[in-house]
Amino acid sequence: MAGDEPLPGDGQRRRYLIGYALAPKKQQSFIQPSLVSRAAGRGMDLVPVDPSRPLPEQGPFHLLIHKLYGEEWRGQLDAFSAAHPAVPVVDPPHAIDRLHNRISMLQVVSELDVPLHAHHHHTFGIPSQVVVYDAAALSDSGLLAALRFPLIAKPLVADGTAKSHKMSLVYHREGLRKLRPPLVLQEFVNHGGVIFKVYVVGAHVTCVKRRSLPDVSSDVLQDASAEGSLSFSQVSNLPNERTAQEYYDDMRLEDAIMPPTAFINDIAAALRRALGLHLFNFDMIRDARAGDRYLVIDINYFPGYAKMPGYETVLTDFFWEMVHKDDDTPNLNPNPNDEDVK
């Protein structure tokens, strides 16, 4: 097996193997030459994992990162962790599971314990939302009584598939007829067409701003002849290009004020503790009705980090921290002549 061969640099300095198990598309976007080079310069070699082969036949790994799903893969990870308890697996499948359901995903935000007094008048929460399990419930006025149009309809399951990204912006009740449960109906809150994407990598936090769906005017909501709903795939994708372009001609993304850094960091740290995850991002908007209130609208596991500025350095630092997490990290290199130089 691979572990029986000397690792690069044997006899000079210890090298660490970082195994990654990713879908082909994810691997193509995340494992960039710049990341591989940066990690190698720190003594860490990124090695692809073949999920069709038993993990004990591969490696030996000092850290395992992954974004694969299924019972067979989960069984592989459980067996690996039982055999190598000192080797970090980022992240545990049971912790990731919570993000696959859009209700449990945001419920954790409501349960966070963040000392808001330290941030003066800034507050955060989630939009009002309900889960709909069958089509009959869409005509239940009682179920929808707590919500105000417009609404965003999202699939209940958020598993990274194309289907889970298909969403609709619903302007009035007529638009509900096209929806296919199970799904989550979430109030669309005007937010100036700007979304804040907060990337979390261990203790590191980076916040960037992106264009989002344009605000919905009261005229649109009152226009009975207008389309009842519009479909789109991501919050940053525009359902109506002409209207959106007119909207963005009147606003500049660079003028949008970023949330306070300490405020963002505290929310990120609280989410990291509550979720038990190292790699995730969350999307946040500023409520246009109250400029000091922010709403978390989505949380994603192992997002597209290549879009994050300086991601190579951030991820390399994270890998280094994880392989040195325990001072007693075992030397998994079977070569007895290997020197443990850190």
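Cβ atoms here come from the backbone N, Cα and C positions, even for glycine.
Fair warning: this is a prediction, and the values are worked out from it, not measured in the lab.
These come from Swiss-Prot:
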BINDING   Lys25, Lys67, His165, Lys197, Asn300  1D-myo-inositol 1,3,4-trisphosphate binding site
BINDING   Arg102, Lys154, 186-197, Ser212  ATP binding site
BINDING   Asp283, Asp298  Mg(2+) 1 binding site
BINDING   Asp298, Asn300  Mg(2+) 2 binding site
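If you compare every pair of Cα atoms in Lys25, Lys67, His165, Lys197, Asn300, the residues listed for 1D-myo-inositol 1,3,4-trisphosphate, the longest distance is 21 angstrom. Residue environment of Gln186 (ATP binding site) contains 23 other Cβ atoms, counted within 10 Å of its Cβ in all protein chains. In this structure the C-alpha atoms belonging to Lys25 (1D-myo-inositol 1,3,4-trisphosphate binding site) and Asp298 (Mg(2+) 1 binding site) are separated by 22 Å. Within 10 Å of the Cα of Asn300 (1D-myo-inositol 1,3,4-trisphosphate binding site), the following binding-site residues from the list Phe188, Phe196, Asp283 place their own Cα: Asp283.
Checking each of the binding-site residues (Lys67, His165, Asp283, Asp298) against Phe196 (ATP binding site), the C-alpha distance stays within 10 Å for Asp283. Counting only same-chain residues six or more apart in sequence, the Cβ atoms lying under 8 angstroms from the Cβ of Lys197 (1D-myo-inositol 1,3,4-trisphosphate binding site) belong to Cys207, Val208, Lys209, Arg210, Asn281, Phe282, Asp283, Met284, Pro303. Distances between the Cα of His165 (1D-myo-inositol 1,3,4-trisphosphate binding site) and those of the binding-site residues Arg102, Gln186, Asn190, Val194 are shortest for Arg102. In this structure, the C-alpha atom of Arg102 (ATP binding site) lies 8 angstrom from that of Asp298 (Mg(2+) 1 binding site).
Sparsest Cβ environment among the binding-site residues Lys67, Arg102, His165 (other Cβ atoms counted within 10 Å): His165. Of the listed binding-site residues, namely Asn190, Ser212, the sparsest Cβ surroundings within 10 Å are found at Asn190.
Non-local contacts of Phe188 (ATP binding site) by the CB criterion (under 8 A, 6+ apart in sequence, same chain) comprise Pro127, Pro150, Leu151, Ile152, Leu169, Leu213, Val216. Taking the Cα of Asp298 (Mg(2+) 1 binding site) as the reference point, the closest of the binding-site residues Lys67, Gln186, Asn190, Val194 is Gln186.
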